[in-house]
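S.K.: Sharing a structure with you now.
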Amino acid sequence: MTSDETLAGASQQLDELAAPGTDGLLGKAGANARFWLALMIPTAPLLLVYLAGLMGSLTFAYVPIAFAFVGFLYWKRTDHSIRRPSTWVGWLPILLATVSLVLAILLSYAWFSALAFVLVLGSHFNYAGGKIRTSLAALTAPLLCILQPPFQLSGSLLQRFDRLTAWFSSIFLDRFEIPHSLSGSVVQLFEAEVLTSTASAGFLSFYCILFIALALMAIKRVSLWLLPLYAIAAFLTTITINTARVVSHVIAIEVLDADLTIGWYPFAMTAIATVITVGVLYSFHFLISIAFHFIEPNHETDRNPLVSLWNRVSVMDENRAFEEQSQFLRRGDLTQADSEPVPRVLWTGMLGIVAILTALSTVQALRTTTDEEESIAARDILLQTDDSFFDSIESNSVKLENYESGVTPQSNGAGLRNDVWEGSFRNARLQIQITQPLLGWWEPTNGYAQIGWKVLDRDILVGENDDGASQNVTTGEDEDMGPSPFIFVRLRKTQPERLESYLFFSSVSQNGRIEESPTAMQSLGMRLKRRMGLVDQDAVPVAMIQLWVASAEKLSPSDLRELRGVFVKVRESLAETLASEANPQPFPASQPTS
């Protein structure tokens, strides 16, 4: 692989063959620039809403850097020649961008507008001439990294990374003969526990490492065909780096009695990990460059289709750059594309559509907030509660002090009732909440994430005292079912003060049956259906029960076991109450008096 200086030398030779005009936005070539600018304008309002939603997210803190990086490379590499699509394949990204923008407006979901922006700008890069390559399409790779997975899928993917990292870390800890056990993404030691998400915390997430890999693609002018290989390299690098950080953290606890998550240690660990990450990705790049090197074509023989296909996906060097530009200039594509002005009728129709989409997008941007949470409420309240509803769970460690109840009107005319009991668990704050009536499962973790809590781990557990009796009170066919699982989530907040919190939640149907607890991906699918309006209005209403504890210090495993038992009791109490109201017992017949 040769240096950029060698490529620049090839560029100087090509400059003698053709010198595209740079007459600005108002000239003949500027018509093409106005064409692309008009396509980007409708995406701007909802794009700003999308970017506002990323503000404050450490995971996507690199997004401003991505914009600056792409803009700088565009400024350095463009030869100021801009073309328009001339084939249906070239128009396909623009068509997809239009469909995506319409979805953003109809669903009031800003992510689709960001996708439309990436499609339009990426298509523009493909038709913008470069000083070395025939286009700047390689700049699309790092631009893709501004897109977070939609519908809060990013959190689920990071949790899967954490679990996979914990599994690999366990293998190395076994090799080092360090006693431990795994619980989801938590490494349990004798007197401590290590959360994978904590040990590998910081901006250096998978998405950031993927951006570094794709930025390397853009710097080295690698074909977009090889993007999957760089994504795989980013995946393997993420697992490797995070596993090393977790193992180092455990060794520091066991050998040095040091916590690498406090003080200056996290900054130092992140800095070291970043340097190693760049080195590993650069090594992957050299491996890919060797495997996909450019093959010099033999112009004295017939064209070899296999060599031509291989060279289209090969890594850029000065030979490929000169070959591509020479063929491109011999075809005369630059002069042909710029010599055809946009017809006035087409301009008028296009500007009309752009104006309509921009107006609709602006209206939705003013109505849309970064709060994407929704809840679909049923019509009738399932049960009435009071401050004594959970008196039976009070003990030496659990105290209930306050009770509040309120109803929030919903867009469908129904009311969403929230009953909240506040108290304490030892020295921690405790809260029990019943939310009803809901048409199906509702994920409380989304609400906690929106008020600043970071979801560290989400797992499905089975309570030690849950024998399944409460879910079988209405039917006899389920008597052999085992204990009913529930969701356990670990959360953390660092501002304005550092707090650890633990969330247990489950759902109970109107007839007292404890519903199945979905996985994170299943919950995501339910959320997507609700957002698309695919809600079964005839579904059995449910009540969501959650127990939340916030503490300045981590709770011990014994405390967590006790909380599991408390949650099982409150869930059983709710299920039994709903079952009794759904199937009231008849009054006993009066006995005849003698």
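Each residue, glycine too, has its Cβ placed from N, Cα and C.
Note that the coordinates shown come from a computational prediction; the quantities given were computed from them, not determined experimentally.
Annotation comment: TrEMBL describes 35-53, 59-76, 88-112, 194-217, 224-244, 264-295 as transmembrane segment.
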S.K.: Below 8 angstroms Cβ to Cβ, which residues of this chain, lying six or more residues outside the transmembrane segment (88-112), approach it?
M.R.: 39, 42-43, 46-47, 49-50, 53, 119-120, 122-123, 126-127, 147-148, 150-151, 357, 360-361, 364-365, 367-368, 372, 531-532
S.K.: Hey, which of 59-76, 194-217, 224-244 has the most Cβ-Cβ pairs under 8 Å against the transmembrane segment (264-295)?
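M.R.: Highest pair count goes to 224-244.
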S.K.: Residues of the same chain, at least six outside the transmembrane segment (59-76), with any C-beta under 8 angstroms of its C-beta?
M.R.: 51, 125, 128, 136, 139, 142-143, 145-146, 148, 154, 158, 203, 205, 207-208, 211, 215, 218-219
